[in-house]
């Protein structure tokens, strides 16, 4: 229609002005849509029936081929008629332009634009004919369009050509349909004017927006921009916002790498190692006699607590950097902190229990044999768990109240300060008590070993393993005291928070955020390293667990080597058979 209207409007202007009215164009347009729907509806239904089952039955062997050929024939006729009419109009316009130039008549710019636009339309139509008719005709001509299921697999060698044809058809068609409106709009005078007007208005709107909001965009002149700066646009009282933004980004980077990514990976590995050691310990515990089970009761408590601590560290650090569910609820933080405090206290109790068991087993063997029965050990372990629950619940509730608003209100600075120092003092007492007990037992064992060597007595391997394991446990506890008490005490003394928020207070004090970020990140980083190394080093000194681990490694090694050797022998046999055949 565009080609015919352009033809009559340029070559036969009087006919176009008298007979081609707006009403007649609407009638022709409605007729085209009606004719297209009348053909498209039945063809579309039969094409759908040939591709999937439905109310209309059309098998692929006969009906599908008939539908394909009918569709192909109608497409050929329609495209041929359209291409012929458009080609006739293009040739006529070019001939009209040539005659006008020969006669010395100036051709209007509107006519030149229409001729160029119609030439592009004709070129696009030729391309569409090629990409629609040739590939489709080749596919149905070779009878490969209905290959499905096993037929596609059996004729896989012939599917490559079909795939290339279909892909090229889609790619070239998409390029044509993308380029067509752009070139057509470019040669249309009215649409080009409207596009230029809209671009000009857009530039004015952008300039007006920058003018109105340049006072609030405090980071506009900064050389480096960060994702979190949009939350700090309201902090307009900063004297040097770019420098504060860089300081805050440094603190964020420290917290997210040394306080989240690396510790989370180490804690995840620690969970895997602790779980493996826990399963091995439980299997060993079931096979031991009552007298030998006593030393592994606290080991089970220790491993269970270490698993919970590592998981809590991952979740707690995730709340500061990831939008996890329930992170804005008091109950979530309360449960999380209660489990974390319970696990820490249970771990400290298991440390103390192992130390006392080792001390009485070496220094007071009769007391250990007669007084410390298996029932007594279970009672002590239950008492440790009960004490941990009783202390962890108020601890966790007040820690959650300090983190987020909830049923327990602690909004004033005096309340927060009192709660922080109270929790810090109680944690100091518990940690120092456990550390003192372990130091006493460790020093006693080393003194006993020194006296035995001086008297010429040879210490047993079990005693040496126990002494080494207890020395490592004491070292772990000292490190825990350092990473738990020193950073918390320093931050509480200087009135700093362990987390960094995107509010204006932290932004205005960004120069002093580096210190709490380093302290908090080191606390989490060293703690994660400790919880990863603890089970590995501890159970390398345990004879029974080391034996189980060694036997499992030997079993896996034998299985792997047997499988590889059998596969190699099988390959050698195949090669020999092939050589004999040749």
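Backbone N, Cα and C atoms are what each Cβ position is placed from, and that goes for glycine too.
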Q. Under Swiss-Prot, which of the candidate ranges 219-239, 450-470, 513-533 is annotated transmembrane segment?
A. 513-533
Q. When Swiss-Prot marks a stretch as transmembrane segment, which of 296-316, 548-568 is it?
A. 296-316
Q) By the DSSP assignment reduced to helix, strand and coil, which category contains residue 237 (N-linked glycosylation site)? A) coil
(Q) With Cβ-Cβ distances below 8 Å as the criterion, list the same-chain residues six or more beyond the ends of the transmembrane segment (253-273) that contact it, or say none. (A) 306-307, 310-311, 313-314, 317-318, 320-321, 499-500, 514, 517-518, 520-522, 524-525, 527-529, 531-532, 534-536
Q: Could you round the CA separation between residue 237 (N-linked glycosylation site) and residue 457 (N-linked glycosylation site) to a whole angstrom and send it over?
A: 75
Q. Long-range same-chain neighbours of residue 190 (N-linked glycosylation site), Cβ under 8 Å, sequence gap at least 6?
A. none
Q: Would you mind reading off the Cα separation of residue 221 (N-linked glycosylation site) from residue 457 (N-linked glycosylation site), to the nearest angstrom?
A: 78
Q: Would you kindly list the residues that approach the transmembrane segment (377-397) from elsewhere in its chain, counting only those six or more residues past its ends and only Cβ-Cβ distances under 8 Å?
A: 294, 297-298, 301, 334-342, 345-346, 349-350, 352-353, 357, 408, 423, 426, 430
